[in-house]
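Student: Annotation source TrEMBL lists domain 'Cytochrome b561 bacterial/Ni-hydrogenase' at 9-178. Here TrEMBL flags 12-33, 45-68, 89-109, 145-167 as transmembrane segment.
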Amino acid sequence: MILKNSATRWGAVSQALHWLIVALILVMAYLGLSMTELPNTPVKVRVYALHKSIGLGILALVVLRLAWRGYAGAPRALPGPRWQQRAAALAHAALYGLLLAMPLSGWLAHSASGFPLRWFGLLRVPPLVARNPALQDLAERWHAALFWTLAALVLVHAAAAFWHHLFRRDATLARMLPRGWLRVPASEESSDA
Ligand code: HEM
Ligand code: HEM
């Protein structure tokens, strides 16, 4: 198992972070979309706290992922039309931007509510701003709008990954998965992978 990214493959660390963040975003989407409808009981308070703690965990994981990418580099773009390579780079940059903006807008909304927050009940999370109900309302609306933008982009992103695998038959999807999980034409993956 190779930890670092090579010129042709994502290493184990980038792969693990990619799929862990995907799984956590799914959990967060479920929690976020269902928790607002819960009756006002202690369960609701706990679900909100869980949503916020996992969300801040995602923020830390995304920062780690970007730092690792800076250190370990990224594989070369696979052969294809220039516009597709540009569109993919743009979409990936937008995904990173949204992955940072989602938790930050949630943190801002929470801070503006004026309530204290402890990460999984352990660490005190500092507020980003003082209590401000108007800002809380605005940040909550950004938070929801950013989520639907992320959801739309993820659909296009995942569709592109399957299209590469099924129709272009290249290594785009295979190189984001452990070696041997998906079959691809041998020429697409090199021995340093
Ligand atoms: C990647 C991370 C996150 C995702 C994907 C996410 C997703 C969501 C979604 C889908 C909703 C429902 C939006 C709606 O329909 O109104 C929501 C609501 C909310 N989120 Fe997050 N969230 C994330 C991080 C956070 C963080 C870090 C915090 C706070 C520290 C937070 C605080 C909130 C709050 C307070 C609401 C409720 C807003 C309301 O009552 O209208 N979120 N989130
Ligand atoms: C919450 C959902 C997702 C997010 C936020 C996300 C985010 C990202 C980001 C930011 C990159 C760029 C990596 C970089 O250049 O540093 C990436 C790459 C990739 N993602 Fe996702 N992704 C998600 C879901 C998925 C899904 C569902 C699939 C496939 C079924 C997928 C397949 C891939 C593949 C194959 C790559 C590598 C592309 C390449 O090597 O050029 N992703 N993803």
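The backbone N, Cα and C atoms fix where each Cβ goes, and this holds for glycine too.
TrEMBL does not curate its annotations; it predicts them automatically.
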Student: Any residues 6+ beyond the ends of the transmembrane segment (45-68) with a Cβ under 8 Å from its own?
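Tutor: Distant Cβ neighbours of the transmembrane segment (45-68) are 13-14, 17-18, 20-21, 24-25, 27-28, 31-32, 35, 38, 96, 99-100, 102-104, 106-107, 110, 117-121, 125.
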Student: I'm checking region-level scores; what's the whole-number mean pLDDT for the domain 'Cytochrome b561 bacterial/Ni-hydrogenase' (9-178)?
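Tutor: The average pLDDT of the model in the domain 'Cytochrome b561 bacterial/Ni-hydrogenase' (9-178) works out to 97.
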